[in-house]
Amino acid sequence: MGSFQKGIFLALCGLRLIQGTVVLSVAEPENNQIKDRALYTYPYTCPSILVGTGDTCDDLASRCSISAASFTSFNPTTGCSSLPRGKPVCCGPGETRFPPDSGGYCYAYTIRDGDTCAKIAEGYKITTADIETWNTNTSAWYGCNKLQQGGQVCLSKGEPSMPVAIGGAVCGPQVPGTARPILWTSIASLNPCPAGQCCSTKGQCGTGKDFCDSSAPAAAAPPAPATKAKSAVSEAKAATANEVTSVKTTSAPAAIAPPVPATKAISTSSTTKATSAASETKGAPLSARSFVTMTAAAVTVTVKAASTTKNADPHAFTTDIPLVDVPLTFLHPEDTKSAPAAAQTKAATGDVADFLKPAKEISILASQLRNNLVSTTTSVTKATGAAKSKAPSENSQTKKSPTQTVNGVVTVPSGWSLKMFDGIGCTGSYVLLQGHNKKLEDSTCMKFRSASTLQTDVTDTAVSCRWWTIPESGNWEWRDCHSNSLNRPKSWIMSNGLCTVSPNTKCDLVSDISQTYGWRGPGLCQDRKTVDPTFGSLKCYVG
């Protein structure tokens, strides 16, 4: 080979080397951009974006910072001629469907008011057939035609999660604190009822069609709040020997009386006519909506009021009852449930051991204590002033304060609350959101940082937000949520309601991927998982 041919050969090799270097220099930034862009916050297996109004495949490829050919290879089934708004598309290898998590469990979705399988499938870009297939083993799954509000369904392959706990449930897998069985086929046998009774879909034992009917209930919405109930003692006068006293409720609001001291309650029960009737009803099954009423003798909770300073310790008492928190998924917290007279007679005889056996009764007691905490803890009144104050007349009614101040923290006992922590395991600084609205449509779109309109004052007419931190001084302090907040909390506690979170800032719960969080039972703390979205905006309600 002559020198001229060698020169040509070396020149060609140099050009190939330069071309390869250019290709590498172009390809590497493309991959880095895909990994580094903050846009990819949606819980998919591939880095993805959502199709916007009027987007073309070229527009989407440009937003992904990749070539049109790469976009086509990552989305082989996407038709560029018809791109529906809100459809997720991949900017890298993978697929947009949710995979099972690291434990093999499915991606769980909490049913909200107004949900249908068609709406859920459209929002998560799956099919109704997928939902039916993935939920064949889900507890309390009755098909797409009978979705149960507050229940959970699988939106991916994997083992179903435990059903959401129901406050006051006494049987079945939805009793608060029930652990997952080793064999999923054993879930129906958890917390069985006594012999001869069946467990209803609401977790109550009894007999008859409402308890022993294996068919699914009608699509259920949460019951309407009932804040006025007749006393079981007075109702027992008309009860027969083999009947359980019924509970009559009205929708008219009424003040809830504070709990009666234990000694007084026992003496009153023993002198009423209900005692003899109650003893005859012993052993009768409870109705589906009954709760065992326990007197204040079972547990004593001492609440001390303190000054309302910003440095007060917020952990001493908040919206959660000490020891156990009992927000309800299906039952409103202000519902007053009268017990069968048999339960009161049992309390009067002093059988305290029965109160300590099942955890469900402790939960019920905590719920009633929360509803009956008196508003007098909002301020410290001198003993001399209390002695001079007039006793209220028998016909007068005292309106219960919607807010309480305990150890410097103002709370709304009958409302919902959400604590979002910056540490795993619900530790560290946190944002405390509190409200009172009962329905999702009554909630305003809540946002943080400069767009926030949330106030720090806790009232019964608006949502409040406080950002609690511990500065170098070592004392807890709070400030507003306008400048500092958490849009990706590492853990959170949802009490007495549900919050629907959306990664956008417009509370767009249809076109974007949203998730609903509710009370999960004792322990309460929920740590962030890879499938949890950014907390861009949210709506919360008692539910």
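Every residue gets a Cβ built from N, Cα and C, even glycine.
Look at Swiss-Prot and you will find 392-406 tagged as compositional bias 'Polar residues'.
Residues or ranges marked as domain 'LysM 1' by Swiss-Prot on the basis of sequence analysis: 47-91.
What Swiss-Prot lists as domain 'LysM 2' is 107-155, and the listing cites sequence analysis. For the domain 'LysM 2' (107-155), the mean pLDDT of the prediction comes to 84.
DSSP assigns Asn137 (N-linked glycosylation site) to coil in the three-state reduction, placing it in neither a helix nor a strand. Residues or ranges marked as N-linked glycosylation site in Swiss-Prot: Asn137.
For 383-406, the entry in Swiss-Prot reads region 'Disordered'.
According to Swiss-Prot, the feature signal peptide maps to 1-20.
Around Asn137 (N-linked glycosylation site), the same-chain residues at least 6 positions away in sequence with a Cβ under 8 Å from its Cβ are Glu159, Pro160, Trp184.
Broken down with DSSP, the domain 'LysM 2' (107-155) shows 18 helix, 6 strand, 25 coil.
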